[in-house]
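See below for the structure under consideration.
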């Protein structure tokens, strides 16, 4: 376990930063390119551990993929061209890979076995395997397909109209991807609208997708046609520097090419409501995935209540929002965030435990947390528990803590932001 020592940042964070490619879009670009007809070129790809796991799995199924830094070429096999893997498909730490790929494997007439690391082994798969089984896929795993490893024997599927108990883009996407080769029209209805990268990208690859309120539909039998994909910066990665810019004294940051998909910009809405000083300059209006340059500077924040429909739009940003709340005047309440319990760690528990070690006044609730601002943080030894977003949040916390902060298991940040610590160091000079 590698550790990192973070010293207080006395002169603020200043400068321009180009945010690495969006993880969600990078995964999908590789997967959709693999099952499309023709060659897909991806620019702005995120070469983090999770997305490299996706490349590795599809190579194992006979897809020709060449990756050179943030540029990837995928020679598509079409929906029916994937080959039965000779080895176990290892997704590493990537929940997106295992859940979306399960949808593709469910409609493919061969046998596969899918597993990941210790964190993946604890994450619930039944939310995906149950609807796929209803469509006709043969799936098994520990505790009747609840946990990995999963075995999948795909084949002829029938479309379903599925009402998901959770607002999850991974669940929705798995069902829609299975539906590409299912007989009939597949429909997924969610309690709240989740991120819509799958729908946008399927349309870019030539698939007709219908959206009606909280329901998404597609007809089986549609082919994907290769296209070039430009991946914007990941707003979830940008969130750490947005909060850093707001809470570290004497800071002014310009974040370039940040993805502004409206199903992902809850963090922007929350910072605005908390009183942060920032500007958003759109740079590619009309694109399938909008992007902007964001300038943010040190701000006086106030506590707010966060819950309801906005939660799926910022679920991954809650750890760093909690940190921002420790520096806000008043109380911040985060609720309706049960999904935090089934992330890389139980993020309710880890956020509360680690911020408490730094002197924050924060308490866990069943579906979120309550943060009492404003807290003066003090350096301590903390742990990411292998969770990239916890690791990065703690690094930003260390920048405003008195004395040094030691982060154990700091290399976890490489899952989504391999250059995070280098960028942080550069901006602090």
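Easy rule for this one: first residue shown is 1, then count along the chain.
Keep in mind that glycine also has a Cβ here, set from the backbone N, Cα and C atoms.
What you are looking at is a predicted structure, and each value in this text was computed from that prediction instead of being measured.
Per Swiss-Prot, the candidate among 2, 59, 341, 343 that belongs to the 3-phosphoshikimate site alongside 23, 24, 28, 168, 170, 316 is 343.
In this structure the C-alpha atoms belonging to residue 23 (3-phosphoshikimate binding site) and residue 347 (phosphoenolpyruvate binding site) are separated by 19 Å. The 3-phosphoshikimate site in the record is lined by 23, 24, 28, 168, 170, 316, 343, and its two most distant CA atoms lie 19 Å apart. In this structure, the CA atom of residue 95 (phosphoenolpyruvate binding site) is 9 Å away from the CA atom of residue 343 (3-phosphoshikimate binding site). Between the CA atoms of residue 168 (3-phosphoshikimate binding site) and residue 316 (active site, proton acceptor) there is a gap of 12 Å, rounded to the nearest whole number. Considering only the recorded positions 24, 28, 170, 316, 343, the residue whose Cα is spatially closest to the Cα of residue 123 (phosphoenolpyruvate binding site) is 343. Within 10 Å of the C-beta atom of residue 23 (3-phosphoshikimate binding site) sit 25 other C-beta atoms, taking all shown protein chains into account.
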